[in-house]
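Participant: Following this message is one structure expressed as structure tokens.
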Amino acid sequence: MSKTLIRGAKVLGGEPQDVLIDGTVVEAVGTNLSAEGAEVVEADGKVLLPGLVDLHTHLREPGREDSETVLTGTRAAASGGYTNVFAMANTFPVADTAGVVEQVWRLGQESGYCDVQPIGAVTVGLEGAKLAELGAMHESAAGVTVFSDDGKCVHDAVIMRRALEYVKAFNGVVAQHAQEPRLTEGAQMNEGVVSAELGLGGWPAVAEESVIARDVLLAEHVGSRVHICHLSTAGSVEIVRWAKSRGIDVTAEVTPHHLLLTDELVRSYNPVYKVNPPLRTERDVMALREALADGTIDIVATDHAPHPHEDKDCEWAAAAMGMVGLETALSVVQETMVDTGLLDWAGVADRMSFKPAKIGQATGHGRPVSAGEPANLTLVDAAYRGQVDPAGFASRSRNTPYEGRELPGRVTHTWLRGKATLVDGKLT
């Protein structure tokens, strides 16, 4: 078996140590390690993290391969330091059967760049009317444990209750896209001062908050797990905080873009800033950062949403919603959370690896960097600063809101079970 010696890495941001990989596992962590014939990677004080886990990725295959494929999406994931991603169900056909989730899972196995765990749809066709084959998807080769109609809300309270009851049997989780559809008809951006000035249809915070309030109460009533996708408002934070104080089994995520960007950017009418849920206010951004720091929000998830050029290069009203994020997520988290002192690197590992792996039951991921553990690792040059150039993305799509923006940090190496998928910033 091949061996790799990572020399002088700051494990979770601590003091420099050596990490020896033997085959698929970490053999040793310490100082002055040596191994005959090992490939040596001089970390020179770079930060070593467990491989990142994304609980919310859109890989688009099957059906929208013009936006992304499992292969290109997992290459983007490896470039961003991810070793495991959860693929949302809003594909064509929808991932609402054992056959479709197994197809996505097998495509991930074949890619070799990143493990792919499919997310199953809650309802047939994402139509919100009838439960999908939750049990069959769980029992399939893909072993689905997370279910979501993301892109749409499970708006019917009876359907949501039944889904929570069903997944409780195997400790699954329903990941809710919190958006009350009647309150967001014709919505184009956050409802507030900017939407009023621009004359664009407003997307009120209560459309998100009302669904979260309902669903945490349903989860309490059923005694099941619920996960809230992409929190975007200060009010949503308060509801989740209240629910956790009652002992309700709720977890929540925030995207990197909601930690950094505000609705003021929509004044440019650049559709790259059009996203669901919409960019909110500075007050919301600060509340989300604080909630991620204090643990009210459990994890960072990218909501990587690739779109072809023609779906974004058009007038605002006609543009698709969504941003790519796998290749910039860690840099945005460093800028908003680490460089501001809100989180240390151990906190980043917790929010971007340990906890998402736990929520999604991702076996072998989100593990400590210690002897005997799977060698799923990410090496980060935290001292680096550079401009984002989407021309260099591994993703098939380029719809990033950060083009030309200077961000800190760069992933230099990623290892998936001991195999280097990224070396010196280049995919293998």
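Yeah, the Cβs are placed from backbone N, Cα and C, and that goes for glycine too.
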Participant: Let me know which member of N32, N84, N90, N270 Swiss-Prot also records as binding substrate at the site of H58, L59, R60, N276, H307.
Facilitator: N90
Participant: Please pick, from H138, H177, H257, H304, the residue that Swiss-Prot records in the Zn(2+) 2 site together with D150, H230.
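Facilitator: For the Zn(2+) 2 site that includes D150, H230, Swiss-Prot also lists H177.
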Participant: According to Swiss-Prot, H56, H58, D150 bind Zn(2+) 1; which of D294, D298, D303, D311 is also listed for that site?
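Facilitator: Of the residues offered, the record points to D303.
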Participant: Can you figure out which of N90, H177, H230, N276, H307 (the binding-site residues) comes closest in space to H56 (Zn(2+) 1 binding site), comparing Cα atoms?
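Facilitator: That would be H230, the closest of N90, H177, H230, N276, H307 to H56 (Zn(2+) 1 binding site).
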Participant: At the Cα level, what's the spacing in Å between L59 (substrate binding site) and D303 (Zn(2+) 1 binding site), rounded?
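Facilitator: Just about 10 Å between their Cα atoms.
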Participant: Between D150, D303, which of the binding-site residues has the fewest other CB atoms within 10 angstroms in the structure shown?
Facilitator: D150
Participant: Spatially speaking, which of the binding-site residues R60, N90, H307 is closest to H230 (Zn(2+) 2 binding site)? Use C-alpha to C-alpha, please.
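Facilitator: When the Cα distances are compared, N90 comes out closest.
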Participant: Using the CB centroid of D150, H177, H230 as the Zn(2+) 2 site centre, which other residues of the same chain sit with their CB within 8 A?
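Facilitator: Apart from D150, H177, H230, the close residues are H56, M88, S148, G151, A175, Q176, A178, Q179, C229, N276, P277, D303.
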